[in-house]
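Chemist: Right, I'll just put the structure down here and ask away after.
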Amino acid sequence: MTDDADRATGATIPLRTDPADTTRRLLQSKNPRVDRIRETLLLAAAVVLDVFLFSDVVAPDPRAGGPQTAWGIVLACGVLMFGVLLLRVRARIPVFLVVCALSVAITLSTTYRPVVPVCIVLAGVIAFLPLRAGVFAAVVAIVPAMSWVYSEARTHDFDWGAGVYVGILIGYLAILLVGAGIGWWRKTADRNYELRRAEAARAAVMSVRSEVARELHDIVAHAVTLMVLQASGARAVMTHDQQRALDALDVVEKTGTQAMAELRRLLSVLRTSDVDEHPIHELVLPPGLDEMPALLESIRATGVEVILHAEGSPRPLARSVDAAAYRIVSESLTNVTKHSGAGATVNVHFKWTAAQLDIKIWDNGLGRGADERLSTGNGLLGLTERIVLAGGAFEAKPRDAGGYEVHATLPIPSTTPAVAVTGGATL
């Protein structure tokens with residue numbers, strides 16, 4: 001009663017987490033509004049720090065040769081810089097040029113030298129724009145840097161030693177490295193994000209394929225097996241028992257018609273429904289235990305004796321559990337017709353409890369045998385997947401006394417949209 005090949009399911013290997021990706025998750029919250037507020041506060045703090053460090057407002061320099069700039073003017077310049085910086089993400093190059101121009105103008109007309117705003121926009125251009133834009137910005141940024149040096153030399157007793165040039169060069173290179181580092185971090189995180197999206201898309205495609213294959217197998221394998229067996233039986237008795245041959249052909253016609261109806265239903269769902277957002281087993285209304293009588297009749301028509309046992313009172317089942325229970329019985333009985341054939345006896349036992357439905361199916365292995373080529377090798381694999389999706393457990397093994405045994409347990413949640421098990425009296 002088992003299929004020829006019992007394959008192991010594949011597992012998707014998760015992508016390695018990159019440090020840049022981890023840093024991005026730490027820096028960004030799930031609320032964009034929180035991110036914007038935090039960014040605004042950081043910019044304000046940077047401008048305030050710039051005003052305190054690179055102006056004479058807090059501690060006037062006695063070495064300055066010119067008049068001190070009023071603190072109100074310096075504050076207004078800082079507010080202006082802050083307002084321009086808020087627009088840097090929308091237009092990085094224009095904002096960069098405006099900040100550089102303002103820095104030069106403020107530096108040459110006041111004792112305030114806006115250094116931090118220029119560093120912020122320069123690092124942003126290098127980090128977020130192509131290399132050509134970064135090179136352009138690095139060259140343009142030399143102008144405000146030279147204006148700072150010129151203003152310092154004009155207003156203070158400035159000592160032009162080698163250390164000054166080295167310090168300027170180191171600071172300039174540091175800004176370039178910071179921008180390049182941010183760019184590398186961003187590109188690495190974006191690349192990992194795209195890789196994860198591609199991996200998730202591939203996994204979704206494989207999941208849909210697996211569901212389609214499982215549904216097609218459940219629809220086709222059972223029907224084709226019965227049709228082939230009935231057609232073979234009809235040919236064997238056609239010459240001496242035409243009525244049995246006609247009955248067998250009638251079963252073939254009914255089974256084929258039912259299979260075609262289920263295939264049309266599945267194809268209709270695939271054409272019109274969003275299978276990316278909703279699993280196929282949620283979109284297709286599969287058969288449930290209320291269709292057990294027709295299933296047992298079709299199996300008995302092949303010459304297999306089916307004995308049904310029931311223990312406990314049938315309970316309402318979730319749709320996925322109801323479908324899984326039906327498929328367990330359907331696949332198990334179909335496998336008996338494949339591997340044992342006419343003359344075999346199958347016992348189907350249902351045990352209902354408050355928390356679960358226990359299904360046990362076993363055969364005696366005494367049939368005359370059937371054509372092993374009818375097996376697809378995928379039945380138990382698809383059955384296992386379906387039961388796992390329903391939250392149950394599954395086991396299939398040969399019996400010491402001969403034949404095969406299938407044992408499955410399916411959960412019955414206490415609060416479940418009811419799918420009444422009609423025809424429960426037949427169980």
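Just so you know, the numbers here start at 1 and follow the chain as drawn.
A Cβ is built for glycine as well, from the same backbone N, Cα and C atoms used for every other residue.
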Chemist: Do you know which of 94-114, 220-240 TrEMBL annotates as transmembrane segment?
Modeler: 94-114
Chemist: Helix, strand, coil residue numbers for the domain 'Histidine kinase/HSP90-like ATPase' (324-413) per DSSP?
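Modeler: Output for the domain 'Histidine kinase/HSP90-like ATPase' (324-413) reads 30 helix, 30 strand, 30 coil.
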Chemist: List, by number or range, the same-chain residues at least 6 past the transmembrane segment (120-150) whose CB is under 8 A from its CB atoms?
Modeler: 43, 46, 85, 88-89, 92-93, 95-97, 99-100, 103-104, 107-108, 113-114, 164, 168, 172, 175-176, 178-183, 186
Chemist: Using a Cβ-Cβ cut-off of under 8 Å, list the residues of the same chain that are 6+ residues beyond the ends of the transmembrane segment (94-114) and lie near it.
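Modeler: That would be 50-51, 54-57, 64, 66, 68-69, 73-74, 77-78, 80-81, 84-85, 87-88, 121-122, 124-125, 137, 140-141, 143-144, 147-148, 150-152, 155.
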